[in-house]
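Here is the structure we will look at.
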Amino acid sequence: MKFSITLALCFTLSIFLIGSQAKVPVDDQFRVVNEGGYTDYSPIEYNPDVRGFVPFSDNFRLCFYNTTPNAYTLALRIGNRVQESTLRWVWEANRGSPVKENATLTFGEDGNLVLAEADGRLVWQTNTANKGAVGIKILENGNMVIYDSSGKFVWQSFDSPTDTLLVGQSLKLNGRTKLVSRLSPSVNTNGPYSLVMEAKKLVLYYTTNKTPKPIAYFEYEFFTKITQFQSMTFQAVEDSDTTWGLVMEGVDSGSKFNVSTFLSRPKHNATLSFIRLESDGNIRVWSYSTLATSTAWDVTYTAFTNADTDGNDECRIPEHCLGFGLCKKGQCNACPSDKGLLGWDETCKSPSLASCDPKTFHYFKIEGADSFMTKYNGGSSTTESACGDKCTRDCKCLGFFYNRKSSRCWLGYELKTLTRTGDSSLVAYVKAPNANKKSTL
C-alpha cells in the first residue's frame, strides 16, 4: 500500500515538474514595442490609428489601435486588407485601461503574455506564467490561444469577451456572463448597455449612475422550460444541405438540454460572423465573406429595426434620442416640454430641478407616451395619483409612467427616449421647475 501511494506521489510530482519546466521556444517568444508607423490603412472601424503585428491568421490579426491620441487598446481585428473592406474589432484586452506610446507586449520564456507601459507598469496579462505554455497562435475562428506541449489551451481569448461573441464563443455560468457595450465609437470605456445571461433568459440592460438597478429593455425568449443556463453560445448550425443559420444556443445545467433562438441566415460563409452589443444599445450580427471585395460585410441580424412589428423598433433603445426626446418608428420627432411638443434636435434634454421641495416643481403630461422600461419591467400596481405621489417624494425620480388599463406604475430615474404610441391609456408625467407653465396630474 505504501509503495502504491509513493508511486502515485512520484508520478504526480513528475507531471508537475514537467509542466513547470516547459518553456516557450526562443523562436516563438516575442516582444513588441508600440512605436513607429501605422500599418493598416484600409477602412477601419472607429477610424483609429493601427499598428498590427504577430500573431495573426488569414483573417485575424493582433493590433494596437487608438481613437484618441496616445491611448492604445490591444485588440483583435477581423478582415483582409486585400479586399478593401472595413476591418472590424472582435476582442480587446485592456478596455478602459489604454497604454501609451512605447508600451510593450511580451510573450516570454515563462509563457505569460504581458502588456505593460514603457516604464514597466503592468496593465494586463494572461496569468499563464510557468503553467506549461509553449506557444501562442490565433485559430481560424478568431480564438487567440496559449497552449501547452499537448495542444491543450492554457488560456484563450474566447473566455474574456468584451462586447462581441465570435462563432463558437460563449457566455458561461462559471466565467464571463455578460457583454458590455463601449461608450461610443471614439471612447473605449464601458458603456451603459449590457447583454446578460441570467438563469433562464438572455436580457439587455441599461444602467447609469442614476438608475437604482439595471433596467431591462429587451429579452430573448426560449420556448422551453429551463432550470439554469450553464452557457450561451453564438453558433453556426447547418440549416440545410446548402445553407447555415446563426443562433444563440443555451445549455441547461440540469438536463444538459440545448435550446436556441434563431438569429439569421447569412448568404455567405456563416462561420466568419460575430454578434455584438453596439455602443448605440442595439445588437447586430455581422457576417464576413472572404469571396467579396468592397462589400465583404453584411448585417444579417438587428435586434431593433424600424420595420419591427412587435414594438421593438429603435425607439425602445434608451438613448436613441440621446438626452431626451419623443420617438416614433425610429425617428426622434419632438422634444417634450411644459410648453408643448417642440422640434427635436440633439440639444433636447429633460428639465433640470434646483430643489427636491415639491413646492418648487410640477409635472407636465404627455398623452400616448411610453417608456423603454415598461415592457420588460413589471412596475407596481397602484392608482395614477399614488404613482405621482411616490415620484414626488423621491428626489431622484425625474418623472413617471402610468398604464391606465393595467393600473401599473413605473418611476423614471432616467427618462431618455419616449415612444409615441397613440394609445391614450399610456401617459407620461415629467417633473419641471415652477418657473415654467404648470400642468396638473
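Glycine too: its Cβ is placed from the backbone N, Cα and C atoms.
Swiss-Prot annotations:
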SIGNAL    1-22  signal peptide
DOMAIN    29-159  domain 'Bulb-type lectin'
CARBOHYD  N102  N-linked glycosylation site
REPEAT    254-296  repeat 'WD'
CARBOHYD  N258  N-linked glycosylation site
CARBOHYD  N269  N-linked glycosylation site
DOMAIN    356-433  domain 'PAN'
DISULFID  C387-C409  disulfide bond
DISULFID  C391-C397  disulfide bond
Who are the chain neighbours of the repeat 'WD' (254-296) in space, where the CB to CB distance is under 8 Å and they lie at least 6 residues beyond its ends?
58-59, 78-80, 83-86, 88, 90, 141-142, 163-167, 179-185, 191-195, 202, 204, 206, 217-218, 220-224, 226-228, 230, 234-237, 239, 243-248, 302-304, 314, 317-320
Mean predicted confidence [pLDDT] for the domain 'PAN' (356-433):
97
Expressed to the nearest Å, what is the distance separating N258 (N-linked glycosylation site) and C397 (disulfide bond) at their Cα atoms?
42
C-beta crowding around C391 (disulfide bond), within 10 angstroms:
24
Site with most surrounding Cβ atoms, counting all protein chains shown within 10 Å, from the disulfide-bonded residues C387, C397, C409:
C387
So, in DSSP terms, is C397 (disulfide bond) helix, strand, or coil?
coil
Could you work out which of the glycosylation sites (N102, N258, N269) has its C-beta surrounded by the smallest number of other C-beta atoms within 10 A?
N102
Hey, does DSSP put N102 (N-linked glycosylation site) in a helix, a strand, or just coil?
coil
N102 (N-linked glycosylation site) and N269 (N-linked glycosylation site), Cα-Cα, nearest whole angstrom:
38
